[in-house]
Amino acid sequence: MAARLMPPAVVILASFLLLLFLVHAVDAAECEPGACGNFTIKYPFWLGAPRRPPPEPSCGHPAFELWCIDGNTTASMSGSPIHVHSIDYATRSFVVYHNRVASGTDGVCRADFNVSSSLALSPFKISPSNQAMCFLSNCNGTEPHGPQYVNFTGVPSCGKPIFAYLGGSYDRDRPPAIDTGTCTYNYLPVLGSEAAASTAANYTRLLKAGFLLDWAGAGIGDCPACVVTGRQCRYSNATAAFGCICPGDGRLRGPTCAGKGKSTRWEIIVGPVCGAVFMFAVCSGCFAWYKRKKRRQAVASNEFMRSGSMTSYSKDLELDGSPHIFTFEELEEATDGFSASRELGDGGFGTVYKGKAHVCRSCCL
């Protein structure tokens with residue numbers, strides 16, 4: 001027995017519901033917490049990728065976008081040379097390092113830039129708990145002296161004398177008060193916890209360990225309050241504000257979807273169900289109309305095929321290849337002189353008679 005096909009209305013409805021589910025699943029999965037290296041990335045941080053535009057609303061503030069690179073072992077801040085060591089969500093701080101000075105064993109030779117300029121427009125602040133590591137070069141006879149200065153002239157990659165000094169607390173607007181002479185002067189933040197048990201001679205370890213960044217809560221929003229209610233945290237690039245995706249309309253609102261009240265529990269069910277019922281009604285109506293049309297065509301075709309005229313006509317076509325053309329005498333003989341008793345009705349070209357002729361048992365003439 002041939003398998004019975006599923007009605008088109010059911011197929012369309014099932015496809016529509018599946019599409020709704022997949023769209024919601026993809027959108028939700030795109031902003032789900034993910035692992036990169038040895039730590040978890042979650043709001044306000046979020047995983048982006050090269051050449052992939054952020055959605056709107058976005059998974060988070062643009063400054064918190066991280067790219068998982070090097071075989072998913074390293075988290076980079078939007079593909080920049082600033083990489084993430086670890087994140088402490090409780091204290092709103094994270095440890096980063098600048099790959100320019102942390103890679104290799106000659107990072108001091110490349111410590112000729114201001115790292116704070118890379119973070120000037122971001123919501124991040126270099127923690128004051130960091131220590132300032134100072135670098136002096138191009139001194140032209142005014143090289144610093146003293147046990148606190150370490151001479152890295154012997155590092156082959158540098159190509160010029162460089163002196164390092166481990167100063168006090170890092171302040172991007174107030175460099176450590178040291179005698180720089182005519183030297184080119186620069187300083188970078190390093191972890192205070194690392195620097196306390198070290199000296200500038202261990203510069204490689206200090207630069208690799210990185211420094212601490214803090215982020216403020218302003219603009220980030222109360223994501224925990226949003227998540228605890230089963231909703232999702234998002235960030236609107238259009239309005240530059242945090243939002244919580246609420247059920248039903250999918251719009252961004254406060255962390256508790258304020259203004260929606262108890263109806264929010266029903267909207268997540270009623271909205272899709274009403275849409276599905278509407279689609280089912282439309283599809284069912286179209287399917288019923290289609291079946292009715294096909295049924296009428298089938299009935300008309302069967303009636304025509306059962307008629308004697310169609311049978312005789314088909315046989316004539318099979319035998320002669322063309323319909324028979326009657327003479328007036330043949331028509332008169334077949335209809336008993338066009339007797340009124342043989343009239344069937346009016347046709348498109350005149351009165352239709354029922355008759356018998358030598359070419360057919362019963363004909364409409």
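For all residues, glycine too, the Cβ spot is worked out from N, Cα and C.
Here's what TrEMBL has on this protein:
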SIGNAL    1-28  signal peptide
DOMAIN    31-97  domain 'Wall-associated receptor kinase galacturonan-binding'
DOMAIN    180-248  domain 'Wall-associated receptor kinase C-terminal'
TRANSMEM  269-290  transmembrane segment
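Sorting the domain 'Wall-associated receptor kinase galacturonan-binding' (31-97) by DSSP state (H, G, I as helix; E, B as strand; all else coil) yields 3 helix, 31 strand, 33 coil. When DSSP labels each residue, the domain 'Wall-associated receptor kinase C-terminal' (180-248) comes out as 19 helix, 22 strand, 28 coil, counted as helix, strand and coil in that order. Mean model confidence of the domain 'Wall-associated receptor kinase galacturonan-binding' (31-97) amounts to 90 (pLDDT, 0 to 100 scale).
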